[in-house]
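J.: Checked TrEMBL, it gives:
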DOMAIN    36-116  domain 'Cobalamin synthesis G N-terminal'
DOMAIN    122-185  domain 'Cobalamin biosynthesis central region'
DOMAIN    260-375  domain 'CobE/GbiG C-terminal'
Amino acid sequence: MGNDIAYKIKEHIDADLYSKYAREKLERQGFNFKEIVKKSFEDYDAIIFISSTGIAVRAIAPFIQSKDKDPAVIVIDSTSKYVISLLSGHLGGANELTEKIARVLEAEPIITTATDNLKIKAPDIIAKENNLVIEDLKKAKDIAALLVNGEKVAFLDEDRLVNFPKGYTYDIGDVKGLVIVTNKLHVDKTFLNEDKKLISQGESKYKKSKLTGEKTLVSKHIEKEIKPISKSVQLEIKQEDFQMQGLDNKCILKLIRKNIVLGIGCRKNYDEITMKENVIKVLKEENIDLKSINSIVSVEIKKDENAIRELSKFLGCPFITYSIEEMKKVEHKFKGSEFVRKTIGVGSVCEPSIELKGAKIIKEKQKLNGMTLAIGKL
């Protein structure tokens, strides 16, 4: 009976079947339950058990890490009467997949996540639906608990792109928690009070985000070390650089929008550590969170520049380059250098690259000891 359920699911969902009693020889070859569960945790986005809940719980217990790493885990009883979301309901997508499978099997979906049952959008769901970075998973959990317990939580979106979520309030005055969608490094009372557009907008001012279906990103948390080229050089991002300031006694969660584009030009074989130091310094000065970087852009001849490639790895963003022909179409909009023009064929790199990416320049080109940097916003 379990195999029949599995094959029915396979008709609607791209899945691999592992069964001791599978019809196909390949699917039952070398069947080892413990090894298959271990492999599934490493290689798959979701695991569906057709078994008792107890068997599933005992099987996955040794491999559970955290909600941002674990795959979705779903259990279906042997009569396909119930489809149960067991693990990673939000970030892993188990709740959504449970609903889908339940429709296929005409079964009853069992979802025990409190926010879902109360029809409240948990912060991790907001992040997942809008491709936002969750700054702190513990804070996300605390915010969800406040919502479930009926406490007031404010929601502010700096760019007003996210549909205003059910269960939140616009007023930041008398609340126990705050969720703010921003690309800023520090958010304090001064910023919130001065920026009236964040506080006074009604629901009609919020519009649906254009970013959907992207995998949710979770910050690998606050303290991070850059691998040095030399053992004598070490660059760190300290915890205090990421702290929310001036909002005491409230649970504050940042959902970080990855909408910042860095346009970079540099001398050949530029020093990797120097480039990272320069970029981090400028981003701090501009109050931009490192985790908000969407991409780094430059001219095609820089595609193999090690310092830029390493910077893109460190920031966890793509490095995109444009041809000289593409750059020439937009370079007239920006100040250029005749020396750079004679060297590579265009007079400017940073700003034309940002333009080609479709971003608006928010910080004009700066010269930084042999490199240039401009900042754009999507």
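Placement of Cβ uses the backbone N, Cα and C atoms for every residue, glycine included.
If you look at the structure here, what lies around each of the features I listed?
T.: Helix, strand and coil counts from DSSP across the domain 'CobE/GbiG C-terminal' (260-375) read 53 helix, 32 strand, 31 coil.
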J.: If you average per-residue pLDDT over the domain 'Cobalamin biosynthesis central region' (122-185), what number do you get?
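T.: Across the domain 'Cobalamin biosynthesis central region' (122-185), the average pLDDT comes out at 92.
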J.: Which numbers of helix, strand and coil residues does DSSP report for the domain 'Cobalamin biosynthesis central region' (122-185)?
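T.: Counting residues per DSSP class in the domain 'Cobalamin biosynthesis central region' (122-185), I get 20 helix, 16 strand, 28 coil.
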